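> Here's a structure for you.
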Amino acid sequence: MGSVRTNRYSIVSSEEDGMKLATLAVANGFGNGKSKVHTRQQCRSRFVKKDGHCNVQFINVGEKGQRYLADIFTTCVDIRWRWMLVIFCLAFVLSWLFFGCVFWLIALLHGDLDASKESKACVSEVNSFTAAFLFSIETQTTIGYGFRCVTDECPIAVFMVVFQSIVGCIIDAFIIGAVMAKMAKPKKRNETLVFSHNAVIAMRDGKLCLMWRVGNLRKSHLVEAHVRAQLLKSRITSEGEYIPLDQIDINVGFDSGIDRIFLVSPITIVHEIDEDSPLYDLSKQDIDNADFEIVVILEGMVEATAMTTQCRSSYLANEILWGHRYEPVLFEEKHYYKVDYSRFHKTYEVPNTPLCSARDLAEKKYILSNANSFCYENEVALTSKEEDDSENGVPESTSTDTPPDIDLHNQASVPLEPRPLRRESEI
């Protein structure tokens, strides 16, 4: 859409660009109107990167420095460690220099810098700026070597010693609080929370479902863990307003409560593609030509600190594998369950997965194959794949190639020979 905008206030830059927009169906933002364009669009820039960082840059922010300084504690917690250490070192050094200058001025005005003067000094043994600076360090850090000390000759010197002690305590408290807050941030907890590299679409309980997998690499639990997802897609409203990133909620069981998960072993999050889903009208070919991004979010409290953490990732349209399922990772042993994370990102192709949209499937425009034959074909596919990998020594792949001449609405299923069948969970 960016190619048809010449300035920030116009949508159509010329008559030719207007004709281009007229060929697009903008009713729901996915190009599912009467005129469809099945050319693969240029891969969009991610709004949320795979590691969870948002791909956003702020420009032309008014009074940015003042706003950040007004919230200096959050600024210190958010910045990198090296800048944090630089700021804290400067805070100490500048405070020592400031009070060193104050004590040097007191000594200068009182005449303590004159070695021939025999009167009582405000600060004993402070007869130069270096001595005043060392006295400032000893006062703020409570070192107290004993050579330099304040006397009762000058009340202003006594007041400055008390004031510097208070300032030193405030700086220490601020630094300790900021360091502890930065160390306790649950941001690093996200390093042990992982999402699958690809999302998949396959049949589950007779319905097309969008699925992705999430896992916890630590044995410590994520308390009150729950998931949510949004679909980001640019669209044009019926009034002609261009929305670069329209956010549409994807239901993962919020109403029924199944969005709350017990994340001990890897779990597959399921979004049922029903009439309320933004993917309801999309077939495999539509998704192959679509330009959208699905942002997935996992939230919960870290068990050790009780602080809330949020882990994010995203899937572009070309990262959604149609007709695939995830390989099993949880296996039951004699006295425990074993999780094999080497299979976490691997998928296998499911035969006879409908290539039509969920709407066409609901309206009976697609003939589903027998469920038993599905289980048998699935078993054969997995068995042959494992045999080939063991013979050739080739790692398992997640091929997404599909025969090009398959009809989206009428796929014939070849009847299989009678064989003893096994459940899919036993494969």
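Just so it is clear, glycine is given a Cβ too, placed from its N, Cα and C backbone atoms.
Swiss-Prot lists these features:
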- 1-81: topological domain 'Cytoplasmic' (TOPO_DOM)
- CYS76: S-nitrosocysteine (MOD_RES)
- 82-106: transmembrane segment (TRANSMEM)
- 107-128: topological domain 'Extracellular' (TOPO_DOM)
- 129-140: intramembrane segment (INTRAMEM)
- 141-147: intramembrane segment (INTRAMEM)
- 142-147: motif 'Selectivity filter' (MOTIF)
- 148-156: topological domain 'Extracellular' (TOPO_DOM)
- 157-178: transmembrane segment (TRANSMEM)
- 179-427: topological domain 'Cytoplasmic' (TOPO_DOM)
- 181-208: region 'Polyphosphoinositide (PIP2)-binding' (REGION)
- 384-427: region 'Disordered' (REGION)
> Under 8 Å Cβ to Cβ from the residue listed as 'S-nitrosocysteine', same chain, six or more residues apart: give me those in sequence order, or none if nothing qualifies.
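Non-local contacts for the residue listed as 'S-nitrosocysteine': MET84, ILE87, ALA178, LYS182.
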> Roughly where does the region 'Polyphosphoinositide (PIP2)-binding' (181-208) sit in mean pLDDT, to the nearest integer?
89
> Determine how many residues of the topological domain 'Extracellular' (148-156) DSSP places in helix, in strand and in coil.
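Helix (H, G, I), strand (E, B), coil: 2 helix, 2 strand, 5 coil.
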> What counts of helix, strand and coil residues does DSSP assign across the motif 'Selectivity filter' (142-147)?
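Reading the DSSP string over the motif 'Selectivity filter' (142-147) gives 0 helix, 0 strand, 6 coil.
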